[in-house]
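Below: the structure, in structure tokens.
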Amino acid sequence: MSRVSRWLISTLIPIFIFSLILFPSHASAATYGPSSDPLRGKQAYLDRIRIDAAWASTPTGGKPIIVAIVDTGVDLEHPDLVDNLIPGINLIDNNQPPQDDYGHGTNVAGILGATTGNDIGIAGIARNVRMMPIKALASDGYGGEKELGEGIKYAVDHGAQIVLLSLGLNKQSTYMEEIVKYAESKNVLLVAAVGNEGNSIKYPAGFQTVLAVGGIGLDNEIESRSNHGPELDIVAPWTVYTTALGGRYEYKEGSSMAAPQVAGVAALIWSKYPELKAHQIRSLLTQTAEDVNKPGWDPYTGYGLLRADRALTQSIKEDPFEPNDVIEQAQPLSVDTSISASFSSNKDQDWFALDCDYPGTLSIRLTWDGTNKPTLRHVKLDKTYQDYSFSDSGKSVELTVNKGRNYIKLQAPDLKKGSQLAYKLTTKFHIYEDPFEVNDRQYQAFVLPTRSQQIVGTFHDVKDQDWFKLNIKNSGKLRVRVVVDTNRIDPVLLLQKQNEKALIIDKKGDGATEISPELQVTPGEFYIRVSNIKDYSEPVVGEYTLFIEYEEQIIDPYEPNDKKYQATLMTQGESYQGVMETKKDIDWFQFEVTESGTVQIDITDIGPKGKLEVKLYNLANREIGSYEQWSQGDRIQIKQKLKEGTYFIKLESADWKERQPYKLIVN
């Protein structure tokens with residue numbers, strides 16, 4: 001079962017900018033003043049997001065905003081939280097209240113909604129909030145996808161306007177995607193942390209309508225532990241001071257601590273402007289964020305640092321990407337997002353720049369009202385381009401994209417003079433199909449050359465798995481390793497010689513490397529399968545690299561023959577190829593002399609390192625001869641007069657340095 005984990009890390013926010021909203025004035029209303037809480041001085045993160053100015057712009061009173069916290073529960077008796085709590089649910093044990101037994105949910109709750117101005121402890125961001133604790137994670141901080149989905153749905157069905165998710169999993173699933181769509185259909189804002197492994201963004205933050213929040217360092221430097229990628233929307237301070245179990249307070253860090261800052265400001269906005277929709281809250285937060293890395297959006301900071309003051313004082317722009325009328329003004333855009341903008345006239349051109357981490361297909365979907373037929377031009381780095389037209393609202397065009405920068409130009413050339421046209425643009429990237437397809441079944445296995453090599457593959461389709469085959473002609477040793485570049489892949493290796501039992505290697509977890517033991521392989525067909533774990537069946541934007549290490553190597557087929565009673569019975573005139581595997585290896589052979597006379601024993605093709613010793617015994621175990629390899633030779637020749645009877649040859653290495661092959665013939 002996929003496990004949902006809590007993190008001390010921040011989350012990102014998808015962006016949807018629809019129409020210009022001129023907010024009503026609240027100049028005559030009373031607003032919130034600064035906090036009088038005694039530990040406010042330890043909350044430096046509040047100053048970084050300019051919370052005092054935001055409070056000064058937020059009217060007091062009004063209907064409280066309900067924020068559900070799907071987490072480990074909340075300390076229900078914490079004096080700084082109790083006044084802002086409403087009934088929730090315990091999905092781990094339905095007979096118990098959602099009491100926190102781990103601490104993470106209590107940390108999150110304090111940032112969001114600790115009672116401000118009560119002369120106790122710290123100040124919460126949302127001044128007019130009621131927190132609904134939903135315990136979906138157990139006492140170890142982990143839980144299942146099922147409980148996470150049930151927690152979100154419970155929150156939506158019980159009046160929550162915002163659902164805070166400082167947790168996540170690497171698995172993308174249709175089940176969770178449907179839950180997210182359900183929340184959006186009910187005008188509920190989902191705010192989620194991205195994770196803190198310095199890797200791909202976790203789900204549900206990875207879904208387009210979820211506000212994905214990451215963390216940022218003390219001096220607005222990129223926080224390397226905060227997950228990043230095309231789904232990232234916004235960042236907030238990584239380090240906080242907040243409530244803890246048992247009525248205490250403590251410093252914490254992570255994207256889990258950044259996400260409640262964004263949720264808290266969202267609650268302030270909704271308290272001031274209750275007429276807004278969830279997508280407009282997302283738009284306002286991202287439009288008003290402060291650039292801290294590159295201008296515009298980027299995969300490490302999204303649209304920038306959360307600015308509570310701007311979010312509470314500025315209006316939503318109908319097209320926040322202007323000016324972008326020429327390619328030189330192209331605005332950075334994620335390959336996995338949804339935005340809103342507008343054409344101000346039929347001459348208005350909207351240019352965007354999209355950076356792809358891999359080759360693949362970029363789906364561009366445009367929706368608008370009316371009968372217009374907007375156009376799209378795709379421009380590659382080499383200046384070549386291709387033109388497309390959207391036949392109907394909601395239709396998509398598929399662009400074949402290379403790794404690196406791609407440009408698109410949107411225009412509505414048939415727009416009537418003096419008219420404007422608002423539109424919603426949704427992008428979705430699909431990774432390329434690797435060159436070894438179709439190889440989803442063993443009988444479709446792609447035949448690789450029998451040598452050491454490395455290849456790169458993808459899981460581009462649902463339930464994709466890749467089979468490969470080596471036609472091994474000579475014995476040797478084989479080791480296989482698979483490395484992935486995203487935590488959304490938990491790789492599994494299957495190794496199998498034809499008609500033999502398969503060896504499955506799945507010892508580690510998401511994003512980890514799987515390595516086979518060194519295998520001794522013999523001639524025949526040998527299969528290798530690379531796959532994601534069974535639960536991770538959706539396509540993945542990421543690559544795996546398969547390393548195959550193969551070395552032809554003679555394998556001693558006569559082992560075990562280390563003891564006299566295990567001696568290999570020889571036929572005169574036949575060649576026996578063996579190997580001294582270790583310095584302690586001893587090889588025994590037995591032959592019969594049917595008529596007295598001279599017997600010739602030849603040991604040839606002896607490996608270059610080490611010194612081979614040979615002893616000859618009769619049936620009574622009496623040594624009748626001892627011989628050594630020539631100092632400069634690779635052979636030993638023995639001519640010995642023997643009577644009729646049974647004899648034994650004992651081979652061992654006097655100065656073993658590495659595997660030492662040889663050939664033995666008795667005539």
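Cβ atoms here come from the backbone N, Cα and C positions, even for glycine.
Annotation comment: TrEMBL describes 1-29 as signal peptide. Residues annotated as domain 'Peptidase S8/S53' in TrEMBL: 62-304. The feature active site, charge relay system is assigned by TrEMBL to D71, H104, S256.
This view paints the features noted in TrEMBL onto the structure.
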residue	record	CB count, 10 Å
D71	active site, charge relay system	30
H104	active site, charge relay system	25
S256	active site, charge relay system	34
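Cα of S256 (active site, charge relay system) to Cα of D71 (active site, charge relay system): a distance of 10 Å.
Rounded to the nearest whole angstrom, the C-alpha distance between D71 (active site, charge relay system) and H104 (active site, charge relay system) is 7.
The secondary structure of D71 (active site, charge relay system), as reduced to three states from DSSP, is extended strand.
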